[in-house]
Amino acid sequence: MFEVTAKTAFLFILPQYNVSVPTADSETVHYHYGPKDLVTILFYVFITIILHAVVQEYILDKISKRLHLSKVKHSKFNESGQLVVFHLSSVVWCFYVVVTEGYLTNPRSLWEDYPHVYLPFQVKFFYLCQLAYWLHALPELYFQKVRKEEIPRQLQYICLYLVHIAGAYLLNLSRLGLILLLLQYSTEFLFHMARLFYFADENNEKLFNAWAAVFGVTRLFILTLAVLAIGFGLARIENQAFDPEKGNFNTLLCRLCVLLLVCAAQAWLMWRFIHSQLRHWREYWNEQSAKRRVPAAPRLPARLVKRESGYHENGVVKAENGTSPRTKKLKSP
């Protein structure tokens, strides 16, 4: 009874307008996307805002009070703390979906049987939650009182994620999108963990070095997988007709646009990465050169002679008031 009630509750949250297609075992039901997904996304936007406030109040605020961070570092610490929680949960969830659906063991499933119109429940639910999170990040810019200088940078990343996730969801490239999100979120999780450790101890930069190595490899994997699945896999499928009603967008123009978008996003991220690394190295070498220019302080003599109280005048020790110190008489035994 409880299993049926829980399943009904989940399906009630997910709108019931979708076209359900039972599989061969007549137990698993697949779902299709539609305009009523906006209702579900709006519902989970409010849920995400509540979870965001809980993490901020009960975890991040308590840690930041102990660290005594400045206003700038405090804002970045909150940003990285929220994203660490989100990326970690998304990586675990995405990895579970990819493994259970068999997308890792069978890479050809990323483009075979396209279009992937009917989605399993966990795949559809994952995409709706991802869209809800990145949409909730827009009002959070106001709630968190983000500085005006930081708003353009955060808007760029939010829009970038929304375009890619919504594109994979609407163009029926959900399987490929899951693998790319898994790679991207793993790299972002490592980066924000490195920032948190850096705020706790500024001398701790080992995770940044690990992230720098993983970042370039991840860009290469994402580009290779996108070209393999879209440029070669989908190009060999017989059905090349543009049919939005059936969810088929497998045409040469659509494939080129998707590849151009993915390549442009990866090139932009790589350019920002190289620019930040060059700026970091420039600042480091400027600090080293500034330290070398500072003259060395004169060394004190190895042995310091202990002088008597007062000062010397013509070879005679004078007291501080100018009088000669009295000699003490020796008592006779």
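Quick reminder: no glycine exception, Cβ is built from N, Cα and C everywhere.
Whatever TrEMBL says is automated annotation, not expert-curated.
Residues or ranges marked as domain 'TLC' by TrEMBL: 75-284.
Per TrEMBL, the feature region 'Disordered' maps to 305-333.
Tertiary neighbourhood of the transmembrane segment (41-60): same-chain residues 13, 77-78, 81-82, 85, 128-129, 131-133, 135-136, 139-140, 143, selected by CB-CB distance under 8 Å and a gap of 6+ residues from either end. Per TrEMBL, transmembrane segment is recorded for 41-60 (among others).
Sequence-distant contacts of the transmembrane segment (81-105) (same chain, six or more residues past either end, CB-CB distance under 8 Å): 52, 55-56, 59-60, 63, 120, 122-123, 126, 130, 133, 175, 178-179, 181-182, 185-186, 188-189, 192-193, 196. According to TrEMBL, the feature transmembrane segment maps to 81-105 (among others).
Positions annotated as transmembrane segment by TrEMBL: 125-143 (among others). Long-range contacts of the transmembrane segment (125-143) within the same chain: residues 10, 14, 37, 40-45, 47-49, 52, 86, 90, 93-94, 97, 119, 151, 154-155, 158, 161-162, 165-166, 168-169, 174, 177-178, 181, each at least 6 residues beyond the stretch ends and with a Cβ under 8 Å from a Cβ of the stretch.
The transmembrane segment annotation in TrEMBL covers 155-172 (among others).
The feature transmembrane segment is assigned by TrEMBL to 210-237 (among others).
Under the heading transmembrane segment, TrEMBL lists 249-271 (among others). Only residues 6 or more beyond the boundaries of the transmembrane segment (249-271), in the same chain, are considered here, and those with a CB under 8 A from a CB of the stretch are 114-115, 160, 163-164, 167, 171-173, 180, 216, 219, 222-223, 226-227, 230-231, 234-235, 237, 239-242.
For the transmembrane segment (210-237), the residues of the chain that approach it from at least six positions outside its boundaries are 108, 110-112, 114, 173, 176, 179-180, 183-184, 186-187, 190-191, 194, 250, 252, 255, 258-259, 262-263, 266, 269-270, 273, 277, judged by C-beta separation under 8 angstroms.
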